[in-house]
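Okay, so here's the structure we're looking at.
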């Protein structure tokens, strides 16, 4: 009997030790995941994910597990909605544009290659075939026609020239007019669709650069948003009202989440563009 009791006590003791070790390892694992999720939020590596949940450094493992679960769902939602324009994309674009005198065909190709070179074999090359775009750039229903390959350079040149002219007088324009020019360039680039793929990312990155440079606040648009698609469709038909409203909302969101490059909120930019 004594041997049996000793055996049972040994088993129980081992189980307790194993459980304590498991709980410690589980908590450390949760803390590591929490740190990663917080880093994603703080550095904007997942657009649209601002950690609303404040993780507790102290407290029960169950509480930590619950908070991490909430943050995990927030990240998943952001990724599922396509909000994956990263701040380093925008910083990369700013650096490239700063080293060039103007935004031209060569610069666009270089930027497209930098953004998508790891994903696309043909990054940085204008398309040489006719494509039809459905649900990803200009429309959520039906198909949007884009220029024939041999018309891309000519139509893109017109979009770039209009933007160059706008930049020359931008400092003298009120914020609302500056935003109007930014959006016209945005929709113009999407309509020309110079590359086989990646035009949406390129256009959104450039919009973030342009709003930061000319309005003082970085606006990063989501990839998949029904309201954005509807606004683009209206803008492609010459009505920019919905797109203006949509971007102003995103500007307000950026102010609230402290997204400007200098890290400080700037309510003035959003109000001036109203």
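Every residue, even glycine, has its Cβ placed from backbone N, Cα and C.
Source: prediction; values computed, not measured.
Reduced to three states, the DSSP call for residue 193 (active site) is coil. Taken from TrEMBL, the feature active site covers 193.
Residue 198 (ATP binding site) carries neither a helix nor a strand DSSP state and counts as coil. The ATP binding site feature in TrEMBL is assigned to 197, 198, 199, 200, 201, 202, 203, 204.
For the domain 'Fido' (103-249), the model's average pLDDT works out to 86. Positions annotated as domain 'Fido' by TrEMBL: 103-249.
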Of 199, 201, 204, which is closest to residue 193 (active site) if I measure between C-alpha atoms? They're all binding-site residues. 199
Whose Cβ, among the recorded positions 193, 204, has more other Cβ atoms within 10 Å than any of the rest? 193
